[in-house]
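Colleague: The structure follows.
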Amino acid sequence: MKISFRALLAVALLAGFPVLILLITAGFAAGEWYALEHAPLIAPRLAFLGVPAVGVLLWTFLAIERTPEDDRPGTLPVPPEAQPRLWALVRELAAEVGTRPPDEIHLIAEANASVADETRWLGLQLKRRRMSIGAQLLAGLRQDQLRSVLGHELAHYGNGDTRFSALTYRGQRSMLRVMDRLRHASGFVGFFRPLLRSYAKLYFVVAMRVCRDRELAADQAAARVAGTAAATSALREVEALEVTWQFFVREYVALGWSAGYLPARLAEGYRRLLADEGRAAEIDELRRNPREGAASRYDSHPPTTERIAALESSPEVPARPGGEQPASELLRDPLETLDTALVTNLTAEAGLKQRTGWAELVDLGSRYRATEAALEVLGGLTLERALDALDAGRNEPLALPGFAVPRGTGPRARREMVADSVRRRMSVVITAALAEAGAARWTLSWSGPPVLTVDAPWADAFPPALDRACAVEADTGPLRALLAEAGVPPGYRPIRSAAVSH
């Protein structure tokens, strides 16, 4: 069995960490015993300060031994009988890389995959293995790319790696939990924190180099089970999926959240975003130029560009047949399964949201936002009172709050200075009023933000009428007439729909 010096050193440092904690604990016990024998007045004070610190140190010691099955909340277990094709693929890949298949497979709402082992004795005894697969990967990858990603994760525990390297990989996770506990500890334990932090930093410098080497080795294993082209494209695609998912949640899923709505088909919407021709250039750019943070010796992964270069410089492994099929076809009821996985990982508040179609979500969510903005503009006024204020030359209260007007500015100059701000803000109010009257609505676009559509003839008539109403010498007559024609009552005040109020 090949054992690298770095892996051996990392394991020695990992094993030495609990020894260091026990030595500190033993040193405190010896000091307390000495104080009881020779300085009984100091002993209670020492115990008052030291016993909690020893408790925290022993707590951190147990954190090294305890390896949680998975730290992620909200996962969807998929037993073999529910998804036989996915399980068959995972078992096939485990056999190819020479490792034990997982005991469980869970779907998670991340553009990532991982294998977590529940172990004893610093990782030497394996109790149970769980594989987590991101629903985004199943929604956006081809089958050969998914083979590469899963093969890579399983290869971390395969026969191609030494037991010591695998132990180092598990150990860095345990050490992270230990340092997190020490970071939040207080009291006398702070006296030992610099020593333990320095020791942990030394471990990470060594262990992260081992992990980076193992990432490159796992990439080679991924190429062997899926082909070089699939392995390199998977690295690029996963980066793109991570960015596009964050964008999708922020710009689409969250659109109806405050209004009380959630898309009925999350996975379907995400796939439509990925397939949209208007987004193709942006997504291709993400694939060509993966994001890279500042390099650090504590990084567990080499830069994506370095990993791709290493694969491309290695002997090419040909692609396997059938890999061009969508990864989602490995699932039974793919859209329903992926949607369940994605929703499971949302907050508990998601269960209180009303599920609706994408077209309805965009209109309802945009209308809610417009209503909120209109309420902020008008304050306690009705639209009619706001127009009365414009006619009377009192436009400043309708301008953006905090708009600075120099002292000594005359009334007309003041109106001129805030006119543009008033025009923009009153446009929001008019839009909300037309939407509530059924004369305007928002339509879904996967290529950009929601598209506001105002019915004819008001689409062309309202802008010049609004210009006149918000001018320095205001004339709201044309705007009032158009609002009446569109069905907006004179006393209109934005109110939240009962269906979306909280």
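Placed from the backbone N, Cα and C atoms, the Cβ positions cover glycine too.
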Colleague: If I go by TrEMBL, the feature transmembrane segment sits on one of 5-24, 45-64. Which?
Modeller: 45-64
Colleague: In TrEMBL, one of 68-89, 310-331 is tagged region 'Disordered'. Which stretch would that be?
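Modeller: The range carrying the region 'Disordered' annotation in TrEMBL is 310-331.
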Colleague: Which numbers of helix, strand and coil residues does DSSP report for the region 'Disordered' (310-331)?
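Modeller: With helix first, then strand, then coil, the region 'Disordered' (310-331) has 7 helix, 1 strand, 14 coil.
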